[in-house]
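Asker: Here it is, the structure, as structure tokens.
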Amino acid sequence: MWRWLHPYAKPEATFHLVQKLLPWFLVPGIVLSVLGLVWGLAFAPPDYQQGESYRIIFVHVPAAMWSMGFYVAMAAAGLLALVWQIRTAELALLAIAPVGAVLTFISLFTGALWGQPMWGTWWVWDARLTAQLILLFLYLGVMALYVAFEDERAGAKAASILALVGVINIPIIHYSVYWWNTLHQQSTVTRAITRLEAPSIAPEMLYPLLVNIVAMMLISAVLVMLRLNNEILRREIHRPWALKYLGIAVSTPAATTGKE
Amino acid sequence: MNPRRKKRFIMTSGIIGGVAIATALVLYALSQNIDLFYTPTEIINGKGAEQVRPEVGQRIRVGGLVVPGSVRREGSGLTVSFNLIDTGPAEVIVDYEGILPDLFREGQGIVAQGILIAPNRLQASEVLARHDEEYMPPGLAEALKGVEHVPPSQWDDSQYRSNDNGADDKSENESGGGYYDR
């Protein structure tokens, strides 16, 4: 596996791979987002007790789910950056953090909008909501730590450590509703994986939800890939391959000296 | 130590110190109230190995299922009282004056915050609804669980009026999730 992965330690190889993969994420992402949102918001039946208000689930659950998923991905990048000292992994960490932070914010915000009419409160300091708020702070901490050092490699190192330490919070978020009394209800979809119980949602609501979950992953991945490639390009801007990619090879000093 | 290194050192230790303090504060806060609420059983029989009971006059939250048939509306105002139960047989009576959340119904999970005025009676200042993790269309819910949800704002005016028999047809509602018996 390492022989297969090693070429991508070189930013150039990663850049071209991401460039190749991008349309395969972007096109299905857009199609599934439109499909999932129209299906969920317009065609799925209303809930027996929450009526139409439950429809925010089609945004809330995918965002909350991937706020944790992308955190794990970011921590994995942190591990690569720390142990194998792969620079591309540091850039990946930097690329993922703001996207994950936005997903976390969306989950908290839509949760508040949902909580007000259903529970009767915007916010309550129960274990689930608090743990998710800590996740937002972890993302913000990773971003702040990355740029808090004059030496960028040192910043990346510190951010990687924080990202890795913060992984402890992920199981706490998921199991908070089982370990403690919370206002937040228990897991509806993920329990199929973590507790081997059937999802407790009618199929005509589950299918659009699953579509939205996949769509949210694809769209977020596209944002991460764009950020990663922009960052790679920005750092490698003076390298011949980058200039060639940007199509400005002819007018640069490097190219002219090559001609002479 | 040169100024740049010193600056970095102060910055780093500041961040680490901040994170450490924040974590310590969070852990300290959580250790005392990770559970959002007491269950009725915990209020009557005591909580944990030490059987700690909340004292009368203490401000607490109680969470449980609304006992079917226990909802009473008093007078013409917004005063309402109902019983909460978890695994039983302990029940806590909740008195509340205000607008109930739309999800309130008999058998529903409720978290009430207020002051304990008797060992088993809470004067609530806030009532929050706690819905379960099940989602289904109305038809399916009626067929599967026998539940037809009517928000409190649409309750029949004569219903739940101080122990009249209007509540009887509702009393067969299943509690649904049973999510307090863990």
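Cβ atoms are placed via backbone N, Cα and C, with glycine included.
Taken from TrEMBL, the feature heme binding site covers B:HIS131, B:TYR135. Taken from TrEMBL, the feature compositional bias 'Polar residues' applies to B:155-165. Taken from TrEMBL, the feature region 'Disordered' applies to B:145-182. Marked as topological domain 'Cytoplasmic' by TrEMBL: B:1-8. What TrEMBL records for B:30-182 is topological domain 'Extracellular'. According to TrEMBL, the transmembrane segment annotation covers B:9-30.
So where do these features actually land, and what's packed around them?
Answerer: Under the three-state DSSP scheme, B:TYR135 (heme binding site) falls in the strand class.
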Asker: Using a 10 Å cut-off, grab the number of neighbouring Cβ atoms around the Cβ of B:TYR135 (heme binding site), all chains included.
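Answerer: For B:TYR135 (heme binding site), the count of other Cβ atoms within 10 Å is 26.
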Asker: List every residue in the same chain as B:HIS131 (heme binding site), at least 6 positions away in sequence, whose Cβ is under 8 Å from its Cβ.
Answerer: B:LEU103, B:GLN108, B:GLY109
